[in-house]
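**Q** Before we start, here is the structure in question, set down as structure tokens.
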Amino acid sequence: MLSIINVWKGFTHGEFEMSQPPTITQQSPKDYIVDPRENIVIQCEAKGKPPPSFSWTRNGTHFDIDKDSQVTMKPNSGTLVINIMNGGKAEAYEGVYQCTARNERGAAVSNNIMIRPSRSPLWTKEKLEPNHVREGDSLVLHCRPPVGLPPPIIFWMDNAFQRLPQSERVSQGLNGDLYFSNVQPEDTREDYICYARFNHTQTIQQKQPISVKVYSMDSLNDTIAANLSDTDIYGAKPVTERQPVLLTPTGSTSTKVELRGNVLLLECIAAGLPTPVIRWIKEGGELPANRTFFENFKKTLKIIDVSEADSGNYKCIARNTLGSVYHVISVTVKAAPYWITAPRNLVLSPGEDGTLICRANGNPKPSISWLANGVPIAIAPEDPSRKVDGDTIIFSHVQERSSAVYQCNASNEYGYLLANAFVNVLAEPPRILTPANKLYQVIADSPALLDCAYFGSPKPEIEWFKGVKGSILRGNEYVFHDNGTLEIPVAQKNSAGTYTCVARNELGKIQNEVHLEIKDPTMIIKQPEYKVIQRYGHASFECIIKHDSTLLPTVTWLKDNEELPDDERFLVGKDNLTIMNVTDKDDGTYTCVVNTTLDSVSASAVLTVVAAPPTPAIIYARPNPPFDLELTGQLERSITLSWIPGDENNSPITNFIIEYEDALHEPGVWHYQTEVPGTQTTVKLKLSPYVNYSFRVIAVNKIGRSQPSEPSDQYLTKSASPDENPANVQGIGSEPDNLVITWEPLKGFQSNGPGLQYKVSWRQKDVDDEWTSVIVANVSKYIVSGTPTFVPYEIKVQALNDLGYAPEPSEVIGHSGEDLPMVAPGNVQVHVINSTLAKVHWDPVPLKTVRGHLQGYKVYYWKVQSLSRRSRRHVEKKILTFRGNKTFGMLPGLEPYSSYKLNVRVVNGKGEGPASPDKVFNTPEGVPSSPSFLKITNPTLDSLTLEWGSPTHPNGVLTSYTLKFQPINNTHELGPLVEIRIPANESSLILKNLNYSTRYKFYFNAQTSVGSGSQITEEAVTIMDEAGILRPAVGAGKAMASRQVDIATQGWFIGLMCAVALLILILLIVCFIRRNKGGKYPVKEKEDAHADPEIQPMKEDDGTFGEYSDAEDHKPLKKGSRTPSDRTVKKEDSDDSLVDYGEGVNGQFNEDGSFIGQYSGKKEKEPAEGNESSEAPSPVNAMNSFV
């Protein structure tokens, strides 16, 4: 019966649909604390056939979820989702929930799930008095955290959120209080803060800070002395040592009850001076090893996973130099129910017997009660095949109606256990789950396990046969397992073959065949050997293996059981490991591991690196050439070449290169043959027939290559038929009625003999034709004529010589010649996306009409005329090619407001097919280009004449022009912007009532119905009046002009600036002369007579001139205008500040560094004489004014 149940588990997940009572697969915990801010999810998942339906009870009564809009059940599941985040309250759903999963075979129930929302209440308000403690006394700071669900985690911190240090003297108890065995002056502080962290809601609550003031004996003595007369006797007693007293627990004895499997925590905290030390013992026994831990400086005894054997008396002893005190804690370990034998599912056949056993233990002993399909068995429907006997239900002669789910409840005062177990009565013929014809491969002399997983009710009998007509297997050489598996303990070569498994019961019979192959074991026939190598030498380990020819081995090398270092000095060959230039760190054990899919073998050897003897100064050079080449082991297709290495000249030889000469076909030409590591002086070379070989060897080290050795003796191999056929065979037609077959001819030594020729064969593919063959000379092409157009052919080319044919060649597919496509694409449609882009669609042509390899489609399109000008021009067709079998494409770069035509053609390797009918489409209007020119002529005192040309590309029907202009006054500021709309048919305009001798900037663009085009700009100046006096500029704008004009180029301005510069230079010279003499200027005396309280002379220690101040200094200082004492120029005063250009501080530069932004919103800096700076004219500042 157990095997039926085990196999039943496979059926419930397999392809067979068997009826099954419900089984609870997932449920929420019994005590389920939920976050009141989030939705409540109560899990209940179950499986069964047919799928079960679900229902719930709440607090023992039916819970109708359809009547509560906040509660939903997940589809195909019993999981409830209670929507708290959308207005629900978690407290309203507190209670005990139970889920029932039911189908036609029975009903399974979940545990009782207690739903409780977590709580993180605030600390109650309380007035905390400061703690005044004498040095050496004990102290307890009470935390008393709010009662939360679940209980909070307590910790003590200060105002800086740093944990308070704890020690044997100061520590936190299990109840959260902070205990001081004795206080010290350093314990004085006002920020002892108890924190409670509620993990479930991720919140932390803080208690009000507690203040502790410790009075030392010295401070008490000083206080007493200040209040007593000299004749009084005063002086507090020094800190008095005290023997231990327990702070917690109180008294000499206490009791503790803990549940089996939990963690037992016992605590003793003592006061005393010196600080007491705590020790724990168990009266009449030992503390359990491996489960006992001491925490909190041994004040807490922790025993994990407690059992009834841990009950007893535990004594804590607190001791210091003055004495000791103890406390005895009597521990009783109770137990919630736990399983001894949980009931297991039963799968029975009609008429069979079975039992459900439910055994549990606990302290006190739990009571056992049974339910059937969630109903107490006493009131459940009667079943004559069922008998309840305490913790066992006995079933006799069951019938299909006996199927049900039974619940066993084991409970005592500390908890309960609830288990579901179904009884499923089935009548099923045998079925075999192991795949048919499954192949098993094992290594010879190893066990072979052949599976025959089965199911049936009643339980089928299993028999095994070998071969088609073999007899039933019996005897000691086989082991028959209850799950149907056949075991051959020692599989030999003769164990291979086909095995048949037969399963039968009274309802039927079924059989299945599996196959067994026996493989040869993998062996290392030459193992790596122990090596002692001098430093910087070479070490080589061999690992030659023998394995079954059908298995693919992988060889891995390890160093000290780890991967080889990632170092290019480690060279892994097919059957060896070479370490170049070994160092001390290469010492170790090297292991060769050989793995196949069936077995693994390994072998190890040790490498010892020793120091090399001292050597004179080393001269490095290329190696000398090898010598004494010898050919041995001559065979038709191989030969062994050996040599003696030349002197390596202090640089180890890394490898040898072997070259050969074919004196028969290419005399005097040496070819690369192979290369081997520098530790190898013999190599077996593969040879080709009909070649007259000579060999030579070249040695290589880090310096370079040696000269080639002297050639070996010649060796002529016998002729043979070719080993290989030509490569790169292709069939491509050059004309519609031919097939050109090409190939790469064999090289001379590949011919293997004289008389090289090729047999060329072809036949039409997918047609029942015979091969057509010709034999041609040593050429590389053959043309087959008279073929149909573009049909596939099977082609093969075989080499042959005077001794025979090469192996049968592989076939390739080619095609006869292509012809132009016959049909144009149809249903061409154009979708205009915008004024410059269109999308064209077409239907693909039938592949048969392509008559070649479809390469794609070409779209020809051209502009017919502009819709605005109605003028034709030379038609320039454009072509876009779309690769592959595409049926649409995008046409970019179209001109707006134009008429276009297009057609589509299919393309193959031969060329283009016929064009589709021309398709006409129009592009919509766009914005125009800028006007072709803008000229400003006839300047007068108050007018300018503007002339312009229409846009080169109007891109539609012009609707108007827009002219914007603004004046630029003599301070390079832009005035107000004026905008004028001009009809589209105008080409000139006279602007009147302008200012005299004023520069204007003009912006001009054109518009269509779509919008405005790009603008063109110009500048012009009205002329001066007769008196030559400039009229005031109009406009209050504050943007700077881009051109430096007018005032800076006027003669009177240049003269004025020269005079000012000369005057400043004279003043500087006089200033230096007077300063050197230490005198004062009269200006200074005048300044003293008219002192301004806001102006203070600069001191010499500031690095400025305290003796002289410019007359301008008598003006109030402009904010931020004074130069710092370190003579640096502030950003707001710098003549070169970029803040004064462009758009505020956002001025930009071109890639070449030139400044962008012709105008800005800031007033330009005044010339030097207009600077309002009130700083003293030191030489540095004076020179800055000239720059």
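The backbone N, Cα and C atoms fix where each Cβ goes, glycine too.
Because TrEMBL annotations are produced automatically, they should be read as predictions rather than curated entries.
Model, not experiment: these values are computed from the prediction.
Pulled these features from TrEMBL for this protein:
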- 22-110: domain 'Ig-like' (DOMAIN)
- 117-211: domain 'Ig-like' (DOMAIN)
- 244-332: domain 'Ig-like' (DOMAIN)
- 337-424: domain 'Ig-like' (DOMAIN)
- 430-517: domain 'Ig-like' (DOMAIN)
- 521-608: domain 'Ig-like' (DOMAIN)
- 625-720: domain 'Fibronectin type-III' (DOMAIN)
- 706-734: region 'Disordered' (REGION)
- 706-722: compositional bias 'Polar residues' (COMPBIAS)
- 725-819: domain 'Fibronectin type-III' (DOMAIN)
- 824-926: domain 'Fibronectin type-III' (DOMAIN)
- 930-1026: domain 'Fibronectin type-III' (DOMAIN)
- 1052-1073: transmembrane segment (TRANSMEM)
- 1082-1187: region 'Disordered' (REGION)
- 1082-1102: compositional bias 'Basic and acidic residues' (COMPBIAS)
- 1124-1133: compositional bias 'Basic and acidic residues' (COMPBIAS)
- 1171-1187: compositional bias 'Polar residues' (COMPBIAS)
**Q** Can you tell me which parts of the same chain pack against the region 'Disordered' (706-734), counting only residues 6+ beyond its ends and a CB-CB cutoff under 8 A?
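**A** Hits for the region 'Disordered' (706-734): 622-627, 629-631, 634, 636-637, 639, 641, 643, 646, 659, 661, 663-664, 670, 687-700, 740-746, 750-754, 756, 758, 762, 780, 783, 787, 790, 793, 795-807, 809-810, 812-818.
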**Q** How do the residues of the region 'Disordered' (706-734) split into helix, strand and coil according to DSSP?
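**A** Within the region 'Disordered' (706-734) the tally stands at 0 helix, 8 strand, 21 coil.
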**Q** Between the stretches 117-211, 244-332, 337-424, 430-517, 824-926, which wins on the count of C-beta pairs under 8 angstroms to the domain 'Ig-like' (22-110)?
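**A** Answer, by Cβ pair count: 337-424.
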**Q** Go ahead and report the DSSP secondary structure tallies for the domain 'Ig-like' (430-517): helix first, then strand, then coil.
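**A** Taking each residue of the domain 'Ig-like' (430-517) in turn, the totals are 3 helix, 47 strand, 38 coil.
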